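> Below is a structure I'd like to ask you about.
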Amino acid sequence: MNTLTDRYVWAAARNVPEVQRAEFANELRERIGDESDALIASGHSPADAEVAALTDLGDPAALAAHYVDRPLHLIGPRYFLTWWRLLKLLLVVVLPIATAAVLLAQLLSGDAVGQAIGESIATGISIAVHLGFWTTLVFAIIERSPSTVKVEIWTPEQLPQVPDAGRSHWLSDLIASAVFLVFFAGAIIWQQFFSVYADDAGQPIPLLDPELWSFWLPYFLVLIALELLFAIAVYTWGWNWWLVGANVVLNVAFAVPALWLFLTGRLFNEDYLDAAGWPWAEAGGIIATIIAVMFVVIPTWDVAEGIIKTVRGRGATRVTAAV
Amino acid sequence: MNTDETTAGHLQELRRGTVVLACLVRLRTPDYGYALLESLNELGITVDANTLYPLLRRLEKQGLLTSEWNTDDARPRKFYRTSATGEQLAGALTTDWRRLDDALTRLTTGDER
């Protein structure tokens, strides 16, 4: 029958690399023996002494890790920050793009909107789990590999900008943009299923032409997702000329197709217009003109606002520097 | 965290390096783990077995100690002895220890200039 010491030594030694195992087991036997002897000398019975000595040693796996300098953490201080920065970057950049791409692919392949959204959310969660797992696995292996991998050296250029008074303003901008964009995307999807008018079969008549789902409405939904990323970029870095450029591109990408679809009569659903009794006499022309002008004015204003904020931001930086 | 814990933590940090130095000096005459533990504690250099045994292993791996199994007794024991490199390190550590002691003495008596 194996003694408690045998069992303890075996349990500890299996956590040690094989080449060191025999030596380690002998060292441990010596230590347990000497510590038990000391307890016996101070009046314990041999059985009590063995139990007390082993209890004192604690968990064999922890003891072995301590002996061979193996880390008892998944990712230690040396790699933690690199791991954390990379994981945040992946979750912020890869996750939304991949999820949006899945959504677009689902919509283009003609799936129902609700199903496409459901599936892209499920895929998004799965992508997030994969990103977290594989990144952590790689770092856990690096942590345990004997050769030291060069960690990115920190330099002063990596210092973030000090948040100034304008910064809190950026946050409210971000929240406003996010709420508006989510509402807008929701409205595009909502109008497909709910309408003030119903056809003879009692089905709702969508406001927008349902044929647009083959390409243009998914396109606009992806643009909305990109606008959301853009709003986050503005919040993160503040306005600069690169973001002004991106803002121009996004606005043109939105306004030009929307205006073109509207002017060629493909934006709104004919059935809906009929049900609403369009055109409403002389008012019709005026309303159409107002809508067309809005497609031009709103993006122009958005671009101008970005430029104004960038110029002001530059001014504020100069003032701060002068002080 | 209470004061006792804070004190214990700082004392542990202060002693950490001194245990290495004490081992290197004490093991000029070869000895095994438990005997070393006893003799250091008798001298007033308090060290825990959970610290000392892994430390001996690490010092051996760094070539500061050499070891030999003694099988004369019923229980085989690993005897450690300070190596030549270990001796050099002990010298360097002792010099630094003296320097720190002098500096602290000057600091507390107030004639640091």
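Here, residue 1 is simply the first one shown, and the rest follow in order.
Glycine residues also receive a Cβ, built from the backbone N, Cα and C atoms like all the rest.
As the structure is a computational prediction, the values presented were derived from the model and not from experiment.
Grabbed the feature section from TrEMBL, which reads as follows:
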- A:86-108: transmembrane segment (TRANSMEM)
- A:120-142: transmembrane segment (TRANSMEM)
- A:174-193: transmembrane segment (TRANSMEM)
- A:213-234: transmembrane segment (TRANSMEM)
- A:241-263: transmembrane segment (TRANSMEM)
- A:283-304: transmembrane segment (TRANSMEM)
> Can you tell me which recorded stretch out of A:120-142, A:174-193, A:213-234, A:241-263 has the most Cβ pairs within less than 8 Å of the transmembrane segment (A:86-108)?
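Selected stretch: A:120-142, with the most Cβ pairs under 8 Å.
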> Ranking A:120-142, A:174-193, A:241-263, A:283-304 by Cβ pairs under 8 Å to the transmembrane segment (A:213-234), which is first?
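Out of the listed stretches, A:174-193 contacts the transmembrane segment (A:213-234) most.
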> Using Cβ atoms and a strict cutoff of less than 8 Å, what residues sit near the transmembrane segment (A:241-263) while being 6 or more residues removed from its termini?
212, 216, 219-220, 223, 226-227, 230, 233-234, 291-292, 295-296, 298-300, 302-303, 306-307, 310
